[in-house]
């Protein structure tokens, strides 16, 4: 398990600060909508709303329009727009002091040429022109066995090869120094050993990094188990393996929160009285979220109940951890949701709530959850009535089934 926050000295200064607020700035359909130009018009609003970082979709040439089947990693002409438009967007983000997060898709790579076994596992004619030894033996290459789970149907990169790791670090350094990305999101982090993420972060030095370690939660039949300790522990083990240099998406919190809002708010207090997700054990490494391009959007693999989305944001935007807001909720659903989220972000920033803020859970009943954060912000979600005791509290914002107070 990760060390208690008070015992641990952080390897990265920026994770110490804990003030990140992330916007996932795309969904599954964004490649159809001239995306770099669209985002360019939104940069002033993204900055004004209080986001420190915007996570962009994979910017490299890819066989699939969404960007997750990359081939030529050095070509920045994608379905989202041209290299020139991307660089213009990154320049504008820099002017507005919003960091650009690159989606790092390095678990697999589509070949250009058939090689060993008739598979497309060679990369002739493009930069990083690897041969079959760069591909794991379990996905048709001549490399070693995978150090993680297989992403089926395409050649998986063999990260045990030193030439592969050197090339990938050079590419990530290029994204940082020449292209203008500052933060990294590691896609499908279950696919290769976390020690390689440590090496990549040390080599390319992103300001901030987050890994997508998406593991199946604990279920009894079709019901989510109350106890998700082993699930969050696997995410924590991944963070430890990455040298504690990366945060991770808090899939445990998403799982518990989206069941809790249906009238099971008792789920939001674990057996030790803490929040039940990664944020309850290691909040400075927990990136909390409601939905993303996989769970929500048109893929809708595991969507948050739509009537309760603002309750979800009232939770993650007042709590410790590093909150991430989904593009669709912020820009696509309705204007009132945009404005409600902006209010919650403003309270978080004005009250100095950060990833390591203290939390006291005061109520966790079927129809009500209430907590006080840093003794400066109190909040409730659910339809049970509650307000903090004491005249020093004033209502800061409220909406459907949520309310937030501040001192």
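Numbers here mean position along the shown chain, with the first residue as 1.
Each residue, glycine too, has its Cβ placed from N, Cα and C.
Listed features, source TrEMBL:
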DOMAIN    20-348  domain 'Glycosyl hydrolase family 13 catalytic'
ACT_SITE  187  active site, nucleophile
ACT_SITE  212  active site, proton donor
DOMAIN    349-407  domain 'Alpha-amylase C-terminal beta-sheet'
Next item on the list: Tell me the Cβ contacts of residue 212 (active site, proton donor) under 8 Å, same chain only and six or more apart in sequence, or just say none.
Entry: 185, 186, 187, 188, 189, 248, 249
Next item on the list: Grab the pLDDT values for the domain 'Glycosyl hydrolase family 13 catalytic' (20-348) and give me their mean, rounded.
Entry: 98
Margin query: Validating a neighbour-count step here. Other CB atoms within 10 A of the CB of residue 187 (active site, nucleophile): how many?
Written below: 20
